[in-house]
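If you check Swiss-Prot, you get these features:
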BINDING   Leu8, Ser9, Gly10, Gly11, Leu12, Asp13, Ser14, Thr15, Thr16, Cys17, Met18  ATP binding site
BINDING   Cys186, Cys194, Cys197, Cys200  Zn(2+) binding site
Amino acid sequence: MKKAVVLLSGGLDSTTCMSVAHKAGYELYPLSFDYGQRHQRELEAAKAVAQYYKVKEHRLIKIEHVGGSALTDASIQVPDYTEDGQIPVTYVPARNILFLSYALGYGEVIGAEAIFIGISSVDYSGYPDCRPEFLQAFQKVVDVGTKAGVSGQTIAIKAPLLYLSKGETIQLAAENGAPLHHTTSCYRGGEKACGTCDSCTLRLKGFAEAGIKDPIDYVNQGDRSCFSTPLED
């Protein structure tokens, strides 16, 4: 069976991405990261998602000394959602470069054909490492800088959500039976999602767009009157 490394944070997007890889017939090798993020609950979610798919191995990589972000530095406040067009303080320096590099090394070892990453350039927070040009550049690195690449057996970087809105992503998750009830998206990392941070707001807007009820609990839920049937467990 063909193998794929899946970058699994425990959030909505990475879990949907996992469902896409599963449906495509890949043997799944999820990779999660503890980089000192304040929302440690996502690691619990990632474990639950991996168990749901009965994967052979779920690896957790610890990366120390990652800073300069509201997600890793308690002295920087996580802001509520804004649309000012600026790169927000929740940007983690070089995060996807680090994650993909680890996934690439792991992928070469296990003989993976693909690496799945759940990034989107549509409904996203403005992070530069979530854009198509970033993925194209990293694929070039894979092609010219690895044994697999130069021998003609390159590892494909797949981002199936890249051009999907959050609502379209949620619809895809529902179609694939993705376990979104296990996921968390909140940057603040409380027992309940805050409902007002950038990530929560995009998630709630997506469920509203999809006409599907979000299966997780929020402190501030906003107007959810347009939601209909919840995703099934």
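Our numbering is plain: 1 for the first residue shown, then up by one each step along the chain.
Cβ from N, Cα, C; glycine included.
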Restricting to the same chain and to sequence separations of six or more, state which residues have a Cβ under 8 Å from that of Thr16 (ATP binding site).
Gly118, Leu161, Thr169, Ile170, Leu172, Ala173, Asn176, Ala178, Leu180
Around Cys186 (Zn(2+) binding site), how many other C-beta atoms are within 10 angstroms of its C-beta?
26
Based on Cβ atoms within 10 Å, give me the single least packed residue among the binding-site residues Leu8, Met18, Cys200.
Cys200
Identify all same-chain residues not among Leu8, Ser9, Gly10, Gly11, Leu12, Asp13, Ser14, Thr15, Thr16, Cys17, Met18 whose C-beta atom falls within 8 angstroms of the centroid of the ATP site's C-beta atoms; report them in sequence order.
Ala46, Val49, Gly118, Thr183
Using a 10 Å radius around its CB, how many other CB atoms surround Cys197 (Zn(2+) binding site)?
24
What does the structure give for the C-alpha distance between Cys186 (Zn(2+) binding site) and Gly10 (ATP binding site)? Integer Å is fine.
11
Of all the binding-site residues given, Leu12, Cys194, which residue's CB has the most CB neighbours within 10 A?
Leu12
In three-state terms from DSSP, label Met18 (ATP binding site) for me.
helix
What is the Cβ neighbour count of Ser14 (ATP binding site) at a 10 Å cut-off, with all protein chains included?
25
Among the binding-site residues listed here (Cys194, Cys197, Cys200), which has the Cα closest to the Cα of Leu12 (ATP binding site)?
Cys200
So of all those binding-site residues, Cys194, Cys197, Cys200, which one's Cα sits nearest to Met18 (ATP binding site)?
Cys200
